[in-house]
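Chemist: Mind having a look at this structure? Questions to follow.
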Amino acid sequence: MGVNAVHWFRKGLRLHDNPALRECIQGADTVRCVYILDPWFAGSSNVGINRWRFLLQCLEDLDANLRKLNSRLFVIRGQPADVFPRLFKEWNIAKLSIEYDSEPFGKERDAAIKKLASEAGVEVIVRISHTLYDLDKIIELNGGQPPLTYKRFQTLISRMEPLEMPVETITPEVMKKCTTPVSDDHDEKYGVPSLEELGFDTDGLPSAVWPGGETEALTRLERHLERKAWVANFERPRMNANSLLASPTGLSPYLRFGCLSCRLFYFKLTDLYKKVKKNSSPPLSLYGQLLWREFFYTAATNNPRFDKMEGNPICVQIPWDKNPEALAKWAEGRTGFPWIDAIMTQLRQEGWIHHLARHAVACFLTRGDLWISWEEGMKVFEELLLDADWSVNAGSWMWLSCSSFFQQFFHCYCPVGFGRRTDPNGDYIRRYLPVLRGFPAKYIYDPWNAPESIQKAAKCIIGVNYPKPMVNHAEASRLNIERMKQIYQQLSRYRGLGLLATVPSNPNGNGNGGLMGYSPGESISGCGSTGGAQLGAGDGHSVVQSCALGDSHTGTSGVQQQGYCQASSILHYAHGDNQQSHLLQAGRTALGTGISAGKRPNPEEETQSVGPKVQRQSTN
């Protein structure tokens with residue numbers, strides 16, 4: 001009897017640089033490539049139509065490429081734990097290959113399948129190819145803890161063995177005598193389903209801005225490397241109006257689904273740099289997008305609560321407001337701030353927004369204006385973003401909300417000034433918010449300030465055709481900076497933490513706070529006269545600090561107060577490469593100095609202002 005093998009695709013939807021599939025084929029007489037449509041997809045069933053379409057296009061492209069090898073993709077619906085015992089028997093399987101999944105829910109799922117395979121006498125092949133490095137080795141090198149500063153992470157990877165080269169693409173020569181049994185009714189049994197078959201209404205669905213699949217990914221990679229201006233200098237391009245639109249060289253969704261190998265991208269960048277720079281060694285900053293991705297993967301791999309505030313050992317427990325109405329306005333692009341609303345509209349329509357646009361809307365939702373938990377924003381991104389990745393998405397939201405990977409909280413993106421500096425003419429606003437198309441550039445970012453005559457000429461009356469701003473940004477950001485400052489001051493009382501290394505006496509002053517990001521940010525200007533704190537241009541490489549608080553409790557005023565649980569674990573990761581952690585035994589302590597009494601701002605609004613009144617909190 002021959003050796004029958006199965007390769008299970010999850011991420012890694014490609015034939016290039018697929019070491020698990022390549023090893024599976026070696027010594028096998030038959031191989032079947034399967035994809036299981038299951039509730040574990042992306043760690044959540046909260047997936048929008050654009051993401052489902054991208055996935056199905058990836059599967060169709062994979063099936064087309066397998067056909068060139070006289071093979072096919074077998075798409076099977078169900079739970080892996082139910083599907084595999086049946087397949088092992090029905091197909092008489094001897095070995096199963098998978099790409100290593102570093103995320104906690106993926107590791108749990110794979111452990112269960114390995115157990116079933118062992119019981120069935122099936123050999124399991126697991127190979128790392130979704131990340132550049134073996135994340136467990138990074139953690140081991142750091143004394144068993146994930147590095148929580150980007151600088152520390154860079155130090156660790158510089159000590160590791162050089163990366164392995166990508167493995168050869170699966171070709172007919174690689175397949176040799178290994179065949180795939182395909183029945184006449186394959187498409188009926190195992191074909192890639194349509195969106196309609198999955199229950200989606202596709203009436204009026206515009207064509208995809210980002211076509212899915214390995215073929216498109218490799219084409220984009222070549223375009224990416226050919227960009228003349230970028231290749232010449234290897235510098236981050238400056239932010240401008242065109243940066244906000246989907247680029248034909250964009251790669252993030254393809255890296256997320258594994259249509260493009262991160263190792264192939266890494267080595268293509270390396271080769272190009274050496275060719276242009278005459279064999280000089282490339283700096284780590286060349287690989288910024290890939291290394292930030294790796295950094296968040298490492299931070300998340302052993303933390304199943306990484307996407308939660310409660311129970312997450314690296315997340316500050318901040319008493320965010322619960323405000324479903326305000327959350328819905330933000331998610332649906334109805335905040336009354338054209339810059340924020342245009343970004344959220346683009347996200348919902350196309351499934352992608354520029355990483356600095358992500359920062360702007362994340363800041364607005366959390367510490368900037370609405371004081372709503374980063375978890376809520378993360379869920380919206382998880383639904384709508386094509387490149388939403390469990391580790392990177394959660395890590396990025398924690399960072400920008402100042403809940404972890406500490407950023408200077410007194411920097412705040414202005415929902416008027418930031419957009420105006422990026423796209424002074426407002427073309428981006430007109431593209432995604434056609435209701436505002438008639439406004440002149442002077443008023444398109446703050447149309448509520450336009451005289452009535454201009455609003456009438458634009459055929460858009462603010463408060464009728466387009467909403468009034470839901471908050472007064474200058475007041476809301478000032479109040480929220482103060483709230484965050486007091487939370488961190490409370491933490492800093494436990495000396496040795498040094499969490500407020502640089503809290504300015506003037507929180508509206510300039511500074512060089514790093515920009516949170518999956519991809520280091522371009523040089524930008526922040527808010528000035530339009531209200532809110534100024535944002536210094538940064539490269540995304542600032543020292544990252546993190547700490548964990550204990551439980552919250554409610555004080556006598558009815559306002560949730562921040563406290564420490566008995567024997568709470570507070571972690572501190574010091575500046576630079578020297579990383580230390582301290583276990584502090586602290587009694588229950590409420591937040592010390594309270595926030596000045598007063599209402600949340602309520603400027604020119606038709607609805608109630610966001611959040612409850614903030615009452616003075618007493619010292620315990």
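Counting starts with 1 at the first residue shown.
Each Cβ is built from the backbone N, Cα and C atoms, and glycine gets one as well.
These figures come from a predicted structure and were not determined experimentally.
According to Swiss-Prot, the protein carries these features:
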- SER252, GLN289, HIS355, ASP387, ALA388, ASP389: FAD binding site (BINDING)
- 3-132: domain 'Photolyase/cryptochrome alpha/beta' (DOMAIN)
- 592-620: region 'Disordered' (REGION)
- 50-54: motif 'LIR 1' (MOTIF)
- 82-87: motif 'LIR 2' (MOTIF)
- 151-156: motif 'LIR 3' (MOTIF)
- 255-260: motif 'LIR 4' (MOTIF)
- 271-276: motif 'LIR 5' (MOTIF)
- 285-290: motif 'LIR 6' (MOTIF)
- 335-339: motif 'LIR 7' (MOTIF)
- 379-384: motif 'LIR 8' (MOTIF)
- 395-400: motif 'LIR 9' (MOTIF)
- 411-416: motif 'LIR 10' (MOTIF)
- 430-435: motif 'LIR 11' (MOTIF)
- 486-491: motif 'LIR 12' (MOTIF)
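Tell me about the surroundings of these features in the structure.
Modeler: ASP389 (FAD binding site) is surrounded by 26 other CB atoms, counting those within 10 A of its CB over all protein chains shown. In the three-state DSSP classification, ASP389 (FAD binding site) falls within coil.
Each residue of the domain 'Photolyase/cryptochrome alpha/beta' (3-132) gets a DSSP state, and the totals for helix, strand and coil are 56 helix, 29 strand, 45 coil.
Sequence-distant contacts of the motif 'LIR 1' (50-54) (same chain, six or more residues past either end, CB-CB distance under 8 Å): 42, 195, 198, 200, 205, 208, 210, 212, 253, 257, 350-351, 383-386, 388.
If you look at the motif 'LIR 2' (82-87), the same-chain residues 6 or more away from its ends with a CB under 8 A from one of its CBs are 6, 34, 36, 76, 93, 96, 113, 116-117, 120.
Using DSSP to sort the residues of the motif 'LIR 3' (151-156) gives these counts of helix, strand and coil: 6 helix, 0 strand, 0 coil.
Note on the motif 'LIR 4' (255-260): residues 11-14, 54-55, 58, 61, 99, 129-130, 212-214, 216-218, 220-221, 290, 293, 386-389 of its chain, located 6 or more positions outside it, place their CB under 8 angstroms from a CB of the stretch.
The average pLDDT for the motif 'LIR 6' (285-290) in the predicted structure is 87.
Per DSSP, the motif 'LIR 9' (395-400) is made up of 6 helix, 0 strand, 0 coil.
Through the fold, the motif 'LIR 11' (430-435) approaches residues 333, 338, 341-343, 345-346, 349, 444, 460, 465-466 of its own chain, all at least 6 residues removed from its boundaries and within a Cβ separation under 8 Å.
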Chemist: Run through the motif 'LIR 12' (486-491) and tell me, per DSSP, how many residues are helix, strand and coil.
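Modeler: Helix, strand, coil within the motif 'LIR 12' (486-491): 6 helix, 0 strand, 0 coil.
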Chemist: Give residue numbers and ranges for long-range contacts of the motif 'LIR 8' (379-384): same chain, 6 or more residues beyond its ends, CB-CB under 8 A.
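Modeler: Counting only partners 6 or more residues beyond its ends, the motif 'LIR 8' (379-384) has Cβ contacts under 8 Å with 42, 44, 46-48, 50-51, 330-331, 347-348, 351, 358, 390, 393, 397.
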Chemist: According to DSSP, which of helix, strand or coil covers GLN289 (FAD binding site)?
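Modeler: SS state of GLN289 (FAD binding site) = helix.
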Chemist: Report the largest Cα to Cα distance, in Å and rounded to a whole number, among the residues SER252, GLN289, HIS355, ASP387, ALA388, ASP389 that the record lists as binding FAD.
Modeler: 14
Chemist: So for SER252 (FAD binding site), how many other CB atoms are inside 10 Å of its CB?
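Modeler: Summing over all protein chains shown, SER252 (FAD binding site) has 21 other Cβ atoms within 10 Å.
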Chemist: Under the DSSP assignment, what numbers of helix, strand and coil residues are found in the motif 'LIR 4' (255-260)?
Modeler: 2 helix, 0 strand, 4 coil
